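> From TrEMBL, here are the annotated features:
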- 55-494: domain 'Major facilitator superfamily (MFS) profile' (DOMAIN)
- 51-81: transmembrane segment (TRANSMEM)
- 122-140: transmembrane segment (TRANSMEM)
- 146-167: transmembrane segment (TRANSMEM)
- 179-196: transmembrane segment (TRANSMEM)
- 208-231: transmembrane segment (TRANSMEM)
- 337-360: transmembrane segment (TRANSMEM)
- 366-388: transmembrane segment (TRANSMEM)
- 400-428: transmembrane segment (TRANSMEM)
- 465-490: transmembrane segment (TRANSMEM)
Amino acid sequence: MTGMMEPVKATAAAAKGGGEYRRVEPEELDEAEWARMAEAGSRRRKTAERYVFTCALFASLNAILLGYDVGVMSGAIIYIQKDLHITEFQEEILVGCLSVISLLGSLSGGRTSDAIGRKWTMGLGAIIFQTGAAIMTFAPSFTVLMIGRLLAGVGIGFGAMISAVYIAEISPAAARGTLTSLPEICINLGILLGYVSNYAFSGLSEHISWRVMLGVGILPSVFIGVALFVIPESPRWLMMEKRVPEARAVLLQISESEAEVEERLAEIEEAGNIMKSVNSEDKAVWRELLNPSPAVRRMLYAGCGIQLFQQITGIDATVYYSPTIFRDAGIKSDQELLAATVAVGFTKTIFILVAIFLIDKVGRKPLLYVSTIGMTVCLFALGIALTLGKHAAGLISPNVGIDMAIFAVCGTVAFFSIGMGPICWVLSSEIFPIRLRAQASALGQVGGRVGSGLVSMSFLSMARAISVAGMFFVFAAISTVSVVFVYFCVPETKGKTLEQIEIMFECGKEWKGGGEVELEDTQQLIQGDKKSFSLG
């Protein structure tokens, strides 16, 4: 941040009227005054950092709803089968439909967030989810259960899409990767809480246990309602609505100095002006997305592609059907199955925390390479473990196959959490220009949600046809393709502001092999009559 790197002297008139900021040289200040300025700057920087982190954390609570649903359904479905006597096909529909239905929330969430704001869209999503969760908790039949499931899916789609956009729009460039990864942390925390809930309530009767498991999911949405009265609206959305004084007030809370506030305001406004000069001003957002320019097409390849590969490599099948996987490996008891899933949840949560510390230091692309290659190896190993359990029962101890399967599942979710999980959220929220960001992020989730739904709703049927082991060999092959996709289609965005990333895609240079368009290249594009971007 430029604001606290050196003392800056500016009058209010200069700040508001476009006057010059004059740098005060160190020799003009005595030691006491220098120390006071440095201390004041340090306090303001820490206060801004804490406030931004708090806002990002509250916005990420929506992701807990998605994670909890994924985790809890993997165990609740065992007892739903016994209580409501549903078929295997109904089980697949119940588990997988949430991913597809959440598309309705995601697609309508983009337009809604542009109309009523980012934070109130998150609140609307929480209300819809609460309604669906309550219906599921008291459902007397499969039909009513499905109605509640559909409503919950719409609510999750609303919240999950817009929370990453909101966080990206309030975060400074240096910390955007870390903060935008918070939803993925909350998804993993939600999955872990779902697994723990399954194990904790598994001792109740078949009629009560799954209802309590699903009902507990209402609690996170209550905290979201409280959070809405704490977090501010996105300054970029406020600028888009021409509410400049409100945007300035928010930026004063999340920036280190008034100079930085004015720079960020100018940067947001100028980014919109630059992109307007490239595209027709009266062009509708969805029309532009469906008939994109080369730059927007590259953004869509990267954003939608990473969402798709995140899901079709089998992560939701691994999480939703982990009891089925472990039963196929040789575990018989329901409680032992649920205990094994808790180990998976802990592993997933621990490694997402590792990713948070690395994402803004190592960069997006190196972590994606580690993630996709590691997942490929672990998915292949899981297929081997399940094959050995079925066809080498007399040659090896059953415990070897079980231990190998648990290790491979934990390895798969660990490598997913260190790369594909969080970076998918980061990229999809930071690569699109401001006028397209909400709808494009929603569109980016289409590939992921459709992929997740298809995998979840066909896993049991396909596993019966080619075996559970065969399914994971297929996932391993798809994961191999994802490595190639990362190499050719995903750029490195570490350390760049949202506006600089837009210009990078406009530039259209190659970024294969982990290379990136240099910041200087971006600045040269707007040098002269345009101001260089420096803050996010």
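Every residue gets a Cβ built from N, Cα and C, even glycine.
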> Six or more residues beyond either end and a Cβ under 8 Å away: which residues meet both conditions relative to the transmembrane segment (400-428)?
164, 168, 176-177, 180-181, 183-185, 187-188, 302-303, 306-307, 309-310, 313-315, 318-319, 322, 325-326, 329-331, 340, 343-344, 347-352, 354-356, 358-359, 364, 367-372, 374-375, 377-379, 381-382, 384-386, 388-389, 392, 441, 444-445, 448, 482, 490, 493
> Report, as numbers and ranges, which residues of the same chain sit near the transmembrane segment (51-81): CB under 8 Å and 6 or more residues beyond its ends.
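Hits for the transmembrane segment (51-81): 91, 94-95, 98, 102, 119, 122, 125-126, 129, 145, 152, 155-156, 159-160, 162-163, 166-167, 170-172, 175, 179-180, 182-195, 197-199, 202, 206, 209-210, 213-214, 216-217, 220-221, 223-224, 227, 230-232, 253-254, 316, 319-323, 334, 337-338, 341, 345.
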> Give residue numbers and ranges for long-range contacts of the transmembrane segment (337-360): same chain, 6 or more residues beyond its ends, CB-CB under 8 A.
71, 74-75, 78, 174-178, 181-182, 184-185, 188-189, 191-192, 194-196, 198-199, 202, 319, 322-323, 326-327, 331, 367, 406, 409-410, 413-419, 421-423, 426, 494-495
> For the domain 'Major facilitator superfamily (MFS) profile' (55-494), what's the model's average pLDDT?
83
> Which bits of the chain, at least 6 residues beyond where the transmembrane segment (465-490) starts or stops, bring a Cβ under 8 A of a Cβ in it?
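Distant Cβ neighbours of the transmembrane segment (465-490) are 301-302, 305-306, 309, 312-314, 317, 324-325, 328, 364-365, 368-369, 372-373, 375-376, 379-380, 382-387, 390, 420, 427, 459, 511-513.
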